[in-house]
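This report concerns only the one structure given below.
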Amino acid sequence: MQLLDTLEQGLKEIDARGLRRRRRTVDSPCSAHMTVDGRNMIGFASNDYLGLAAHPLLVAAITEGARRYGAGSGGSHLLGGHSRAHAQLEDDLAEFAGGFVDNPRALYFSTGYMANLATLTALAGRGTTLFSDSLNHASLIDGARLSRADIQIYPHADAEALGAMLEASDAAVKLIVSDTVFSMDGDIAPLARLLELAEHHGAWLVVDDAHGFGVLGPQGRGAVAEAALRSPHLIVVGTLGKAAGVSGAFVVAHETVIEWLVQRARPYIFTTASVPSAAHAVSASLRIIGGDEGEHRRAHLRSLIALTRDMLKSTPWLPVDSHTAVQPLIIGSNEATLDVAASLDRANLWVPAIRPPTVPEGTSRLRISLSAAHSHNDLEQLEHALMKTAEARA
């Protein structure tokens, strides 16, 4: 019983600090308007940035994929589970997101977490130094730790500090690792400067474009395309359960890098391949993202971002200067943040409260996630509820 006692005490401590996380049950497709725990709500919690998760064409595509390929893959990618749908999607992703390198190739993963672990553990090891942004996603942090490489943390988005670290390093292999869009602040890494430093110091740049792919850049090709980067020393990870509206993730790089991952990336090799129907649906999603409808959705999303930025400035709390679909509003303490989120919840608005350890102590916040499925009226309701909450707390 000793372990249970330890766990129960740990949970009590989590509760005492206002850090208990609770799941909510969604009874409807992911969209701006959802049924959550039996209640009709406007959701500002998902990463469905283009509003594609319930798109009829994607629902039809995943249904068609299930009919064609069945319910499951039946094995790992190297042992019978690599379907035509997976192969086609990798070709589509290489063409869509691989414009930054000659001879691009893509590798499809079940999750973004797996893709980051696979990339860092396969490419880095003893004798490698990883230079990691202090606000990188947990999957990049864990991948770096598991790689057994030396890890140097540079201050968030501080290219000058990173340059000094690179200058002082005598590592045989150097990898700079960064999110493109940071998931809790919504800001964008100085990608052009990071690549400049990488090439000057003989390093590689690995970026996680989870929150940029589909939203940023020409035709939604991502943050790397928006920054017009091009280099054989660049590796891009992206996710397919956010703007793409389905599930999974990918790595795009020079074909030699991808072949190395196929041969050496344990999170890729030793797991069952994702369901082929999901891959089939993602290929359909890429056609929407890169077409006229995708551009219309991105334009609408940009208008929502501008409105939200203006609206948050009128609150008594601290908005983060974000030009992306992630719009944080820093409240401060855990208790106050939970109280504000609960007030919005009573107004049938689902806005998650983000607390440590996800964000630093004293910066607990509401994370307002915008989607092209939202309307201007949805934002007006959010603004009204925020103002009413602020008045009640004054």
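Placed from the backbone N, Cα and C atoms, the Cβ positions cover glycine too.
Bear in mind that the values here come from a model prediction, so they are computed numbers and not experimental data.
Around the Cβ of H137 (substrate binding site), a 10 Å sphere holds 22 further Cβ atoms from the protein chains shown. A coil conformation is recorded for H137 (substrate binding site) in the three-state DSSP classification, outside any helix or strand. The substrate binding site annotation in Swiss-Prot covers R21, H137, T358 and is backed by sequence analysis.
The pyridoxal 5'-phosphate binding site annotation in Swiss-Prot covers G112, Y113, S183, H211, T239 and rests on sequence analysis. In sequence order, N47, Y49, D179, T180, V181, F182, S183, G186, K242, T324, A325, V326 make up the list of same-chain residues 6 or more apart from H211 (pyridoxal 5'-phosphate binding site) whose Cβ falls under 8 Å from its Cβ.
Here Swiss-Prot flags K242 as N6-(pyridoxal phosphate)lysine. Using a 10 Å Cβ-Cβ cutoff, K242 (N6-(pyridoxal phosphate)lysine) registers 28 neighbours.
Within 10 Å of the C-beta of S183 (pyridoxal 5'-phosphate binding site) there are 22 other C-beta atoms, taking all protein chains into account.
Summary: among the binding-site residues (T239, T358), the fewest other C-beta atoms within 10 A of the C-beta are counted at T358. Spacing of G112 (pyridoxal 5'-phosphate binding site) relative to T358 (substrate binding site) is 17 Å (Cα to Cα, whole number).
Listed binding-site residues: R21, G112, Y113; maximum Cβ neighbour count within 10 Å falls on G112. G112 (pyridoxal 5'-phosphate binding site) falls within a helix when secondary structure is assigned with DSSP. Mapped onto three states, the DSSP output places R21 (substrate binding site) in coil.
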